[in-house]
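> Before anything else, here's the structure in question.
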Amino acid sequence: MPSPFVSASNLRKTYGDFTALDGVSLTMDRGEVVAVIGASGSGKSTLLRCINYLDPPDSGEVRVDGVRIGFGEGARRDRVLPERDIRRQRAEIGMVFQHFNLFPHFTVLQNLIEAPMAVRGLSRAEATERARDLLNRVGLSGREGAFPAELSGGQQQRVAIARALCMKPRLMLFDEPTSALDPELVGEVIAVMRSLAEEGMTMLVVTHEMDFAAQTASRVAFFDAGKIVETGAPAQVLRNPQHPRTQAFLQRILRSH
Amino acid sequence: MDYALIAPYLPDLLSGFWITVQLSVITLVLATPIATAIALGRDLGPRPLARALAVLVNAVRLLPALIVLYFVFYGGPQLGLRMKPMTAATIGLVAMGAAYMSEDIRGGFSALDRGQFAACRALGLPFGHALRRVLLPQALPLIVPPYMTRAIIMVKGTSLASMVSVADLTAEATRASSITYQPYVFVLLAGVLYLALSGVLVAFQAWVERHLRLRYRLAR
């Protein structure tokens with residue numbers, strides 16, 4: 001059996017007295033889209049931040065395409081890698097944030113080409129060509145010269161997705177990408193994510209958008225108090241949840257919609 | 001103003017002014033990078049380093065500047081560190097200036113959205129690159145006004161060097177006053193020269209702020 005493309009095993013992470021991850025394990029095949037749902041503060045975002053080592057887990061292991069994130073192999077398996085090597089690993093993992101985190105003093109184009117030039121060593125011309133291509137894909141051709149503050153939230157998030165894709169990542173992490181958006185702007189971001197999923201990108205998406213989870217995800221994982229309590233096909237987890245916590249959460253969500 | 005009264009002392013006053021200019025420039029040039037390093041160390045460094053720097057900054061910040069200068073100039077030789085007045089004054093003023101300035105710079109960085117740091121790291125940008133291209137340009141407009149105010153305070157503070165036998169503008173002006181019994185003339189003259197020096201900094205601040213506004217078009 002081939003090993004999974006992404007595997008997180010037994011991740012633990014505490015902040016003081018608060019346990020954000022309490023032994024979380026998750027595997028993903030290449031091209032799979034996993035939606036992570038659950039109440040706020042249940043540890044969903046921490047999982048993403050541990051996967052790209054933005055927050056080092058206290059214990060447990062993450063592998064992406066066989067490569068162990070943050071640590072060496074063999075004799076050096078207990079040693080944290082030097083920052084330079086961790087940066088290289090992170091560059092392979094795209095991340096999209098709830099609040100976009102675009103660089104406000106850069107134009108849209110500069111936001112996209114900064115890291116490919118600095119980290120991947122692309123020439124300005126190469127990076128610009130790649131960036132224009134991506135802006136076209138996210139429906140923002142012609143906005144290269146705009147500053148983030150001149151764009152709507154939905155447009156900013158699409159720029160942020162294009163910025164992450166400009167690094168040609170092998171895995172994409174989305175941390176509540178539509179939670180900060182006005183309701184009428186959610187659709188355009190979801191559409192971009194959906195087309196990305198159709199192209200075969202491996203995606204781990206923390207979201208409150210149940211429609212996205214139901215229609216686009218290949219699997220849904222329900223998070224509660226630092227643990228994945230239920231995981232399975234969207235139809236199963238969302239329509240016929242087994243765990244009482246999942247049932248209670250989904251009922252709350254349905255009532256509020 | 002009686003030029004004949006001033007003339008004999010003018011060379012000494014100008015040489016004192018020149019020493020004040022030198023002391024100001026050296027102090028600012030040395031204190032700024034030290035202050036930046038302290039600010040970054042406290043904000044982003046490992047916890048023991050951050051704590052040690054906090055203690056150091058507060059120790060210097062909470063003492064009167066004159067006590068720090070006396071400590072370096074008079075206390076130094078007792079510890080076997082004999083130095084020229086100018087060196088002692090520079091060390092004392094740089095220590096004071098760097099401690100204060102580090103707080104101004106730290107303020108600018110802590111006002112930055114933490115998401116900017118996260119985005120830089122997630123993209124794999126090396127820290128130096130992130131600092132230079134992403135973080136500093138956003139922090140600078142916040143740092144410049146308090147930093148420049150501090151710079152002006154430091155320039156004026158160089159007059160304390162006169163207390164540890166540096167022949168700066170204040171020292172020369174008080175010397176001329178006590179010989180001629182005409183403090184009105186000489187202290188006023190010194191004041192005008194200090195005003196000119198600080199005025200340069202004010203003009204510089206206006207230029208920098210204009211430049212930053214144009215360059216980064218920050219929507220603040």
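The backbone N, Cα and C atoms fix where each Cβ goes, glycine too.
Okay, so TrEMBL annotates it like this:
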- B:17-40: transmembrane segment (TRANSMEM)
- B:17-205: domain 'ABC transmembrane type-1' (DOMAIN)
- B:52-73: transmembrane segment (TRANSMEM)
- B:85-102: transmembrane segment (TRANSMEM)
- B:184-208: transmembrane segment (TRANSMEM)
> Against which stretches of its own chain does the transmembrane segment (B:52-73) lie, if we need a Cβ under 8 Å and a gap of at least six residues from its ends?
38, 41-42, 45, 83, 85, 88-89, 91-93, 95-96, 98-100, 102-103, 157, 160-161, 163-165
> Counting only residues 6+ away from its ends, which parts of the chain sit with a Cβ under 8 Å from the transmembrane segment (B:85-102)?
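19, 23, 26-28, 30-32, 34-36, 38-39, 42, 53, 56-58, 60-61, 65, 68-69, 71-73, 76, 147, 150, 153-154, 157-158, 160-161, 164-166.
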> What residues in the same chain, six or more past the boundaries of the transmembrane segment (B:184-208), come closer than 8 Å to it by Cβ-Cβ distance?
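Residues 1-2, 5-6, 9, 13, 17, 20-21, 24, 144-145, 148, 151-152, 155-156, 159, 169-170, 172-174, 176-177 contact the transmembrane segment (B:184-208) from elsewhere in the chain.
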